[in-house]
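Features as listed in Swiss-Prot:
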- 1-105: domain '2Fe-2S ferredoxin-type' (DOMAIN)
- Cys40, Cys46, Cys49, Cys86: [2Fe-2S] cluster binding site (BINDING)
Amino acid sequence: MAKITYIQHDGAEQVIDVKPGLTVMEGAVKNNVPGIDADCGGACACATCHVYVDEAWLDKTGDKSAMEESMLDFAENVEPNSRLSCQIKVSDALDGLVVRLPESQH
C-alpha cells in the first residue's frame, strides 16, 4: 500500500492507504475524500479530479498525456503542478505522495 495525503483547500488532511494499481482518484473516491468529484469515473473526460501535486513528487508521478493536458483546459485555477488524479497510477514509489485539492472542481 502507498500512503497518500490529500490536503483540502482549507488545510484539512486525510492520509489514505491506496493499493498499487489504482489511481490517486480511485483511492480518494473509495475513501470518500471530499473535493474529488470524479464525474466521469476516471475516463479523463471531465477534469473534476483536478489536484495539485506537491513539487517534490512531480517527477515521480510521470508526464501528463496530451489528453490530460487538453482536459486540464477545463479545470479551474490550473497551475504547473496541476494533474488529473485519474491519470496518476499508484505504485510503491508513490508512498508518501502529497496532493492538494483546489477550492472547487466546478
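Note: Cβ is positioned from N, Cα and C throughout, glycine not excepted.
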Fill in the blank from the handout: For the domain '2Fe-2S ferredoxin-type' (1-105), the averaged pLDDT of the predicted model is 96
Exercise for the section: Mind giving me a neighbour count for Cys40 ([2Fe-2S] cluster binding site)? Other Cβ atoms within 10 Å of its Cβ, every protein chain shown. Expected result: 16
Exercise for the section: Name, in the order they occur in the sequence, the residues of the same chain whose CB lies under 8 A from the CB of Cys86 ([2Fe-2S] cluster binding site) and which sit 6 or more residues away. Expected result: Thr23, Val24, Met25, Glu26, Ala38, Cys40, Gly42, Ala43, Cys44, Cys49
Exercise for the section: Check each residue in the chain of Cys46 ([2Fe-2S] cluster binding site) that is at least six apart in sequence and keep those whose C-beta is under 8 Å from its C-beta; list them in sequence order. Expected result: Asp37, Ala38, Asp39, Cys40, Met71, Phe74
Exercise for the section: Note the Cβ centroid of Cys40, Cys46, Cys49, Cys86, the recorded [2Fe-2S] cluster site, then list each other residue of that chain whose Cβ lies within 8 Å of it, in sequence. Expected result: Met25, Asp37, Ala38, Asp39, Gly41, Gly42, Ala43, Cys44, Ala45, Ala47, Thr48, Met71, Leu84, Ser85
Completion exercise
Students should find that the Cβ of Cys49 ([2Fe-2S] cluster binding site) has, within 10 Å, a number of other Cβ atoms equal to 30
